[in-house]
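Taking it in order: structure first as structure tokens, then the write-up.
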Amino acid sequence: HPLSEPQELCPVLSVPEHLQPCVVFQAVFNLLIPDHAADAFSPPRPSPGSRWDALVERLLGGLGRWDAEHFLFIAERGYLLEHNCAFLPLFPLSLRALGWLLPWPVELQPRSRLLLSAALLNALLSALAAAALLGLGRAVLRHRRQAFLAALLFSLSPAGVFMAAAYSESMFAFLAFSAMWQLEQGQSWLGGLLFSLASGARANGLVNAGFFLYSRGKRFALQLQVGSASRRKLLCLCKQVLSLASSAALMCAGIFLPFALFQYYAYVRFCGPGTGLGQAIPEPLLQLARDKGYRVAGVGGDKPPWCSQRFPVVYSYIQDTYWNVGFLRYFELRQIPNFLLALPVTLLGSWAAWTYVSTNPRHCLTLGLERSKSEEKGKARDGFCGPAAFVYVVHATALLVFGFFCMHVQVLTRFLACSSPILYWFPAHLLQEHEPLLWSTGTDNPTSGKPLLGKSPSSCGKGTLDNPIVRLLLNWRFMTPLSKSILGFFLGYWLLGLILHCNFLPWT
């Protein structure tokens, strides 16, 4: 079983340990740095009802900034406001379920319960996402050490603050990586179910249908190449095509279903007649809606313009109307700082695509559908540049191009960090190939002969546990400039995210 080795699995499953400093640091920074008066969604809420509510807000309030306000509001009150519909329901529904089902030892207000639920849920999902990334890496890369290193890099994700905050990033990473892993193991229906759940957490989960389509198409293409002449008869070929098309259509429909159902729910909520809410709306919330121009469900007025579209999709309308998301709309001089913020992940993603294409030009030109001689002999290249990574490189590149030209570019780092394993596989590949400290299994620096730090006792297994990331960080001055740049990017964004995001300052 790909997760059976305790010596490697233990530090990966201890990924939530990186959320502990996240929680501690965000609490410290939130106390030391005054919140910025950002023009962000901030619904009115009552003052802390007890000292326990005040304590939760003081300790975890930094996890409820920016878009987390939307998720917490939806979990507490549902989709009252039109622009809340940009946030899909799986994560807030999970928060609501935890918040009301867990046996809290003290009486807490809804927001306090939801903040605690978000911290607990994301700690669990982050660990499961790391384990899924480890299993996926071993299946695709077929290079155990590189897969292990990539899973450890996940614990230092540049989007670490979003993995801990009340965002859907941890949930989506877990569902997406798990679905990819199941698909690699031949569990198509389980993978499809997980992909379907992922599309109920984030809209870019719809793109994951491409993995299933490519998997089916590749299997069919390889069967044609190895099949005998009798198998290529027209009747047999037609049966295979029909079977492929029907299963692909059914699976893609399942992946698109949660998103489509939510669009229908929004249509009934905001466009249908008699959309009474059956609940009282606080006057401060109605006043906020009037001041900001928010459309409230069940309140009289003209129907939203998107209700009259042939295919009413509230998600694209909100992105266009409320956040001005669209092709090249962010290409303005005043957005240069945000482009600089996205520069590291843009360079890293572009470098990964170029490295793979230049290493496997024929494989890329044939879309990975041609069986190479090395694959036939069972000697295919292992690691990041192996043939199995092709579809993941295409997926990451497509997300990178779309995000760079069509989205608010500063979100590109967390957009890729929770969606694509390439952001962790490629840095692991670079470290493995170019960092001498990782080449030696001994305790001496191969370049200077000096003793290396990084061997520490662990309760996870017998003897000592070698965590290569910890070893590199403890021997920082011996690392190559490339390794320092990679780990500097991961650690720098991890820390800056805690400082800035938790105080309503602009971040990714």
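Just so you know, glycine gets a Cβ as well, placed from its N, Cα and C.
Pulled from TrEMBL:
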TRANSMEM  114-136  transmembrane segment
TRANSMEM  148-168  transmembrane segment
TRANSMEM  188-214  transmembrane segment
TRANSMEM  241-266  transmembrane segment
TRANSMEM  336-357  transmembrane segment
TRANSMEM  383-405  transmembrane segment
TRANSMEM  486-507  transmembrane segment
Annotated stretches the transmembrane segment (336-357) and the transmembrane segment (486-507) touching (3 or more Cβ pairs under 8 Å): yes
Most Cβ pairs under 8 Å with the transmembrane segment (383-405), selected from 114-136, 188-214, 486-507: 188-214
Distant-in-sequence neighbours of the transmembrane segment (486-507), which means Cβ under 8 A and at least six residues beyond its ends: 18, 22, 25-26, 29-30, 33-38, 40, 61-63, 65-66, 153, 156-162, 165, 338, 341, 344, 348, 410, 413, 427, 430-431, 469, 472-473, 479
